[in-house]
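Chemist: Got a structure for you, written out below as structure tokens; questions coming shortly.
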Amino acid sequence: MAEGEDVGWWRSWLQQSYQAVKEKSTEALEFMKRDLTEFTQVVQHDTACTIAATASVVKEKLATEGSSGATEKVKKGLSDFLGVISDTFAPSPDKTIDCDVITLMGTPSGTAEPYDGTKARLYSLQSDPATYCNEPDGPPELFDAWLSEFCLEEKKGEISELLVGSPSIRALYTKMVPAAVSHSEFWHRYFYKVHQLEQEQARRDALKQRADQSISEEPGWEEEEEELEGIVPSPKEAKIPKETKTTTSPEDEPAPQSPCEETPVEPPAEATPSESSESISLVTQVANPAAAPEAPELPKDLSQKLFEASLEEQSLAEDEGETGPPPPPPSKPLTPAGRASGPEPRPPARVETLREEVPTDLRVFELNSDSGKSTPSNNGKKGSSTDISEDWEKDFDLDMTEEEVQMALSKVDASGELEDVEWEDWE
């Protein structure tokens, strides 16, 4: 029993192995058959194309050459044999090479040369009977315009070459002229078709050239962008121009002077009671802020000197009080009507406070002090000098007397004299 089981196992193993080998060998054979079939098809196709092209060339060559006698019979038999071969091995139309790409054409000289799409279209146009039988395509006006400029006599040499070199044109010419069309109509239609073909080819070349130019110009655009980027400064390199400051000429604005180079400011001349109302009116009009700019402030050094001069004057006044007669009592401040009141004693400390307020315009003091002395020459007139002076008195009603104004002006003169003495001592 054990031996029978071993034999059965060996049989089943052998059968499985044989079946696996058979399946693998079958697949390998199928692959080999498929490869051989593809190889034979490729070789057959290439051979058939070559034989057909060669047979066509030889046949056309034999047909163009004229001969007689026994040689003609031999050539005819050979031509028929080659025709049978070309018909047998010629591939089907769906397997032919596209004529727009490349076409093997047989020339009268017996050589095969590749034709481009233009030559292939020209060959098909020459061998098409519709080219010569039908009316030209397109508007008749265009054909008439072309015909008016076309001269058939100038094409005699080209016509002879076409009849000798192209068997298809020669055969069609022999059949159609003069049975179907006249000699002039035959060639007019042919050359007009060639003219249309040339125009179409020119349009294609122009489109192709434009496409090539657009492709070639793309890197140029990138180069121009790079050049522009090189010309335009980057944000880091770009610098903001500084704002130009308007400067005034030295004539308009005086240069700063040192304290030793400063000249004393002369006080404005005092207005005497004998001055006419016209002169006072002129001064008030000049001092009017609506007509003239504000008075410039006095420099700090001058105010300091005035303050020092006031201190010296105060000390001198104290000395005079001890030794000489006392200073005359200051009069009462001016009233709005411009009349001075009775005497009123003032402490000397008022002079110090007055000196600290010196940087105001002295012309205002002059106008206030002289406003009561001016005679109203323009009474009742709007905008007269007295009205202006009264307005100024209301606006700037300072608690000062004429004596104090005189003292302030004398202090300015004294400071100028002291400065001159200092200059002489320094020299």
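From the backbone N, Cα and C atoms, a Cβ is placed for every residue, glycine too.
Remember, predicted model here, so these are calculated numbers, not experimental data.
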Chemist: Of Ser331, Ser374, Ser384, which one does Swiss-Prot label phosphoserine?
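Modeler: Residue annotated phosphoserine in Swiss-Prot: Ser384.
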Chemist: Sequence gap of 6 or more, Cβ distance under 8 Å: name the residues on the same chain that satisfy this around Ser166 (phosphoserine), in order along the sequence.
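Modeler: Same-chain residues close to Ser166 (phosphoserine) (Cβ under 8 Å, separated by 6 or more) are Gln126.
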Chemist: Does DSSP put Ser166 (phosphoserine) in a helix, in a strand, or in coil?
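Modeler: DSSP assigns Ser166 (phosphoserine) to coil.
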